[in-house]
Amino acid sequence: MISLDFNFNIWTRDLSHYLENQVKVGLFGSGVGLSLVLGFSAAYTCYYLLSVAKKPQLISGGKKFYHFLREQCPVVSETYYPTFWCWESRIQTLLRPFVTAKPGVVYRNELIKGADGGQISLDWFDNDDSASHPDPAARPTVLLLPGLTGTSRESYILHMVQQSRDLGYRCVVFNNRGVSGETLLTPRTYCAANTEDLETVIEHIQRTNEAAPIMAAGVSMGGMMLANYLGRKGRKTCLKGVIVFSAGWDVFECTASLEKPLDRFLFNSYLTSCLQASVHRPVLEKCYDIDHIMKAKTIREFDERFTSIMFGYPTNDDYYHDASPVHKLKSVQVPMLCLNAADDVFSPSHAIPVEAVKQNPNLAMLITCHGGHIGFLEGLWPRQSTYMDRVYRQFTKAVFEQGSGLQDLSC
């Protein structure tokens, strides 16, 4: 017993001496703390490099389009390194509007008439200082479509305008009715399934600059609208190419995903309130029960009470089926590159139409493991550029400057 007490006393004395000398300056100034920090950092780095940073998956329905992208857009073959401190999908989605810079862009606004007498707001960035394309009549033009309630002032739109400016191109942003401050003249807004306003805008751009090549880029619902437009028009369009980011391919699956408790709390309720804010009561209250619409708690409830009724669908399910681009991909006849993240809760991975893409040589799908919804943050502090911006820049340049390589993709 004496020996045991002696050994215990020696052990506690030595431990006290070690702690007094090694851990007296706090966690980060101690040997123990430093070892813990270094060990955790090494483990996290290994996990990040092995499980987070990965090359995207490129899928195409034809070899010609696949090889074109590999040659002209090296970003599709490069490892995507998400920002190491916020690679999780929801964090990427939530942080992008706050951490990415908003480049200064001065637009020229134009209001054009829709077929029903309503007005559509277009924001032009003419890029009159373009050195590579000084002739405005022939300056390549990119039509940009924001997301569900987005406008020309969204950070992702401003970044695409900035990329286009650097390349010497002109941009025009198609703002959906009622979201950018213009007066709603008729009792009609917008939806992903109806492409009448989009057709009006494309025809107007073509008439305004007949010699200028045109392509389009759509984000989230803007991408869905573009895909639905291409599926309906086939070859009867002037667009030379299309790029789509974070589109929802099956609306049933998208809404089901957003109705899960956490995603309903983080995203669904907020987006529903944004949709309700775009409802102009003075014009719409004669046709719709506005008070009932304002009580909607989810996007699905809003669509049941407003969107599906406005556009004449017998049921909301009929609207969701018509709004889902997955059913029209087989008819797309224009080169279309689509970027989705496998962890996007707005567009779940099991609903990404990989098999449909494989059946159409005009389609290509780029899938990253991470990126969230319109996130794709990369770099230590992702202020200036994202992976999505780099994909946009390289594909847009390839379409306008190497477009001959996109002819007859079925060959």
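Every residue gets a Cβ built from N, Cα and C, even glycine.
Residues or ranges marked as active site, charge relay system by TrEMBL: Ser220 (among others). The Cβ of Ser220 (active site, charge relay system) has 27 neighbouring Cβ atoms from other residues within 10 Å, across all protein chains displayed.
What TrEMBL lists as active site, charge relay system is Asp344 (among others).
Positions annotated as active site, charge relay system by TrEMBL: His373 (among others). Within the same chain, the residues at least 6 positions away from His373 (active site, charge relay system) whose Cβ sits under 8 Å from its Cβ are Ser89, Gln92, Thr93, Ser220, Ser246, Ala341, Asp344, Val345, Phe346, Ser347, listed in sequence order.
For 140-238, the entry in TrEMBL reads domain 'AB hydrolase-1'. Taken residue by residue, the domain 'AB hydrolase-1' (140-238) breaks down under DSSP into 39 helix, 17 strand, 43 coil.
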